[in-house]
Amino acid sequence: MQKNLILIGGGGHCKSVIEVAESAGYNILGILDIPENVGNEILPGHKVIGTDDDIPAYIDKADFVITVGFIKSPAIRIKLFNKVNEAGGKLATVIALTAHVSKYATIGEGTVVLHHALVNASAKVGKNVIINNFVNIEHDVEIGDQCHISTGTMVNGECKIGKRVFVGSLSVLTNCISVGEDIIVGAGSVVRKSIFEKGIYAGNPAIIKVRAK
């Protein structure tokens with residue numbers, strides 16, 4: 001029997017997750033978004049049926065997944081994730097049929113693994129994380145809660161990534177390095193050594209460009 005699923009957030013990331021969820025065998029009941037978007041069709045057959053204030057109405061009918069994206073800040077994703085938990089809802093872990101997640105890896109609740117991603121043996125991925133298309137998470141990597149590892153990124157073996165980190169598309173993290181919490185790594189960066197100061201990093205090698213205030 002198919003599990004029912006409610007998506008929370010009706011933007012571009014929602015479009016990406018719809019097909020992933022369908023491939024994983026979920027029946028999508030609808031999308032919750034801002035009031036002015038109620039009734040809008042995000043993709044054919046997939047409409048906005050309410051707002052996040054309607055979460056309690058679906059607790060006994062479906063699991064949930066947060067489909068708001070994370071580029072500049074994870075704040076909205078975190079707020080919605082907490083709202084589902086506080087209402088007693090269940091956050092689904094959604095893995096694309098085309099992805100490979102090792103049976104020896106662990107994936108936290110609310111995390112989405114998109115098309116053609118690889119999560120290798122002994123990797124640990126936290127809660128409410130986006131592992132985007134064609135991402136490679138190698139063996140023994142640890143990724144904290146509320147992160148977004150963007151398209152085509154390579155995270156090499158034994159790296160540790162803290163909470164609320166965004167790693168931009170086509171970046172590379174070399175073996176055994178650590179990335180602290182609340183850090184943004186710009187697209188195409190190569191992180192060759194551990195970084196801990198909060199801020200925005202970019203380049204090859206990645207250096208801090210903007211320090212957090």
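Using the three backbone atoms N, Cα and C, a Cβ is placed for every residue, glycine included.
Annotated in TrEMBL:
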type	residues	note
DOMAIN	4-84	domain 'PglD N-terminal'
BINDING	Gly69	substrate binding site
ACT_SITE	His139	active site, proton acceptor
SITE	Asp140	site 'Increases basicity of active site His'
BINDING	His148	acetyl-CoA binding site
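When the C-alpha distances from the residue listed as 'acetyl-CoA binding site' to the recorded positions Gly69, His139, Asp140 are tabulated, the minimum falls on Gly69. Here the residue listed as 'active site, proton acceptor' is positioned 26 angstrom away from Gly69 (substrate binding site), judged by their C-alpha atoms. Taken together, the residues in the domain 'PglD N-terminal' (4-84) have a mean pLDDT of 95 on the 0 to 100 scale. A 10 Å cutoff on Cβ-Cβ distances gives the residue listed as 'substrate binding site' a total of 20 other Cβ atoms nearby, all chains included. Taking the Cβ of the residue listed as 'active site, proton acceptor' as reference, residues of its chain lying under 8 Å away and at least six apart in sequence are, in sequence order, Asn120, Ala121, Ser122, Ala123, Gly157, Glu158. The residue listed as 'acetyl-CoA binding site' is surrounded by 25 other CB atoms, counting those within 10 A of its CB over all protein chains shown. Helix, strand and coil counts under DSSP for the domain 'PglD N-terminal' (4-84) come to 32 helix, 24 strand, 25 coil.
A coil conformation is recorded for Asp140 (site 'Increases basicity of active site His') in the three-state DSSP classification, outside any helix or strand.
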